[in-house]
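K.L.:
Here's the feature list from TrEMBL:
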type	residues	note
REGION	1-42	region 'Disordered'
COMPBIAS	1-16	compositional bias 'Basic and acidic residues'
TRANSMEM	147-167	transmembrane segment
TRANSMEM	179-197	transmembrane segment
TRANSMEM	209-227	transmembrane segment
TRANSMEM	257-278	transmembrane segment
TRANSMEM	285-306	transmembrane segment
TRANSMEM	343-366	transmembrane segment
TRANSMEM	378-397	transmembrane segment
TRANSMEM	417-435	transmembrane segment
TRANSMEM	442-464	transmembrane segment
TRANSMEM	476-499	transmembrane segment
DOMAIN	527-650	domain 'STAS'
Amino acid sequence: MGRSVHSNDDEHETKDIASVTSSRRHGSGETMHKVGPPSKNNLMKEFKTTMKETFFSDDPLRPFKDQPRSRKFVLGLQAVFPILDWGRSYNFAKFKGDLIAGLTIASLCIPQDIGYAKLAGLLPQYGLYSSFVPPLIYAFMGSSRDIAIGPVAVVSLLLGTLLQAELDPELNPIEYRNLAFTATFFAGVFQFTLGFLRLGFLIDFLSHAAIVGFMGGAAVTIALQQLKGLLGIKNFTKNADIISVMKSVTSSARHGWNWQTILIGVSFLAFLLTAKYIGKKYKKLFWVPAIGPLISVVVATFFVYITRADKDGVQIVRHIDQGINPSSVKSIYFTGKYLTVGIRIGAVAGMVALTEAVAIARTFAAMKDYQIDGNKEMVALGTMNIVGSMTSCYVATGSFSRSAVNYMAGCRTAVSNIVMAIVVMLTLLVITPLFKYTPNAILASIIISAVVGLMDYEAVILIWKIDKFDFCACMGAFFGVVFIGVEMGLLIAIAISFAKILLQVTRPRTAVLGKLPRTTVYRNIEQYPEASRVPGVLIVRVDSAIYFSNSNYIKDRILRWLTDEDEQLTAKGLPQIQHVIVEMSPVTDIDTSGIHALEDLHKSLHKRDIQLILANPGTAVIDKLHTSKLDDVIGHDKIFLTVADAVRSCHPKSTIDEV
């Protein structure tokens, strides 16, 4: 029991105190330390420290320290293009792993890209374009060894939903395509700017629970939209919410479904899900689900071609432009009415793409025990999307399914992305005419099998067990996407994430502490029922910095603790509280409002003939107490290093430490 007590919330050591200036002995024989005034504060030094920890917490300039100018230039190039660093030690053994991984993810990405382009409302070739140029750019600038770059389902759905809210791709195909390029350009600018200004910490405001819910909702929405291709429905709703989709499906049940299409789609969906199950159960067979989509496309295309099922109502791809990416610089809207629309859509799509890519990169970096620079990742992702927007690509990012296959296939470096891009290039140059008879039902089944993995049931169950508020954020994002729409679901996810932050900041936890038997350790009486209250003393711990947003609440909460304690003591006929000790070791900082709140608390207690005592204030706190002269008001002899010292000051002649 003793070990668990000390491992939960040990009191901070002397290093958190500005200085210890005096000590004296008490009846218990223990030395009691008091907290003295801090050293003189250097405003510029504090400002530099704050800025460094905010924007340069990873100390990216450390390698440049004490280096000659020529070496700094080389290090600078390596920082921008990491391939110049790890490329020096690249060898044939690594290339073999990258070659196998690159070929494997290429077999997976080619059929997926065609389907994802349709999901975004674009022609099939634009999905392939987006798996050619962006992976090449990332391979030179990215710091992740495992991430596989290209279009992904969630971003394709989000982009398509936002674009179709502005333009109809069938009535205005050219404007729609140009707006997609414009959104991609500004998505890249958004990503690059965040990384260049080292503002990557902003994406952390979207909580893990909200992301899980959003991804799950997007997976359901994507799967439902694929019912159009899976059932062969021609007239299908353009809305993404589940109610509109199900109405469209049921209303077309009598005459709008095509049995040949259903047979093809359901058969190959069962095959793909079985392949996925085999790959998940037997890790060595990871290649089975990886090549499953390509096998499905080849077999289904051949079947449709020899039976000419397209004449019986089976919808097919029909045509994919041959050749590599054409320039699209002149297609981007830099002026006009679609500029602001492109910026807005690009910012939203860019943020989601960035969140997904950085999360994937961090996951696999942790698995292989290497470090990635989140800001460099953002610069790399932003650059590849900017260049991609000028070469007929739409928003690309890291794909979890392809990255997982890349990892299991034995990739060693980002060269696997180069191999994949070369295969896609050869496909664009040579093979695209062969996709003419590929049925849309196959693309729908490939997308459905791919998005199944986005519904993380285990994560949802774990979120429910750990934090109910997180679960609300998760479900809010999920149902927002499913019943309202992707954009609204994302807004709900962000709103709930910020609501949680505000709630934690404005209503921090406080706890009443008691003394553990035969120790000088004071802990939360709710967590440790054996902890006993000290007669005549109320000990309260504040588990947060004290700012303008929570200072009044903390003051009022302490006074409510005092009122509750006095009522209980009166009911038992015991002496009232004479001392209130505020344990401040978790209080990392305090602002002007916090100082005023402590001053008001001191005045309120003084009117009741109760003394306010502070225990273990940190460096920043004691510095501000001293600067504001509040330590003079409270009394220097009422600020102590530990709760035990503070309690002994209230009962100097007692043997309380032996209880």
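Every residue gets a Cβ built from N, Cα and C, even glycine.
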K.L.:
Do we see three or more Cβ pairs under 8 Å linking the transmembrane segment (476-499) and the transmembrane segment (209-227), pairs being at least 6 apart in sequence?
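P.N.:
Contact confirmed: at least 3 Cβ pairs fall under 8 Å.
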K.L.:
Near the transmembrane segment (209-227), which same-chain residues lie under 8 Å Cβ to Cβ, leaving out any that are not at least 6 residues past its ends?
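P.N.:
Answer is 119, 153-154, 157-158, 233, 240-242, 245-246, 249, 355, 359, 444-445, 447-448, 451-452, 454-456, 459-460, 463, 467, 470-471, 473-482, 486, 489-490, 493-494, 496-497.
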K.L.:
Short question: most Cβ pairs under 8 Å with the transmembrane segment (179-197), which of 285-306, 343-366, 417-435, 442-464?
P.N.:
343-366
K.L.:
Mind pulling out the one from 147-167, 378-397, 442-464 with the most Cβ pairs under 8 angstroms to the transmembrane segment (285-306)?
P.N.:
442-464
K.L.:
Please work out the helix, strand and coil residue numbers for the domain 'STAS' (527-650) from the DSSP assignment.
P.N.:
63 helix, 21 strand, 40 coil
K.L.:
Who are the chain neighbours of the transmembrane segment (417-435) in space, where the CB to CB distance is under 8 Å and they lie at least 6 residues beyond its ends?
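P.N.:
Cβ under 8 Å, 6 or more out: 98-99, 101-103, 105-106, 109-110, 113-114, 124-125, 128-129, 131-133, 135-136, 138-139, 148-150, 297, 301, 317, 320-325.
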K.L.:
Out of 147-167, 257-278, 378-397, 442-464, which stretch has the largest tally of CB pairs under 8 angstroms to the transmembrane segment (343-366)?
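P.N.:
Answer is 147-167, with the largest number of Cβ pairs below 8 Å.
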K.L.:
Mind checking which residues of the chain, 6+ beyond the ends of the transmembrane segment (378-397), have their Cβ under 8 Å from one of its Cβ atoms?
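P.N.:
Apart from its flanks, the transmembrane segment (378-397) reaches 80, 117, 120, 122, 126, 129-135, 137-138, 141-143, 149-152, 155-156, 159, 180-185, 187-196, 200, 325-329, 332, 346, 349-350, 353-354, 356-358.
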K.L.:
Mind looking up the mean pLDDT for the domain 'STAS' (527-650) in the predicted model?
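P.N.:
A mean pLDDT of 90 is what the model gives the domain 'STAS' (527-650).
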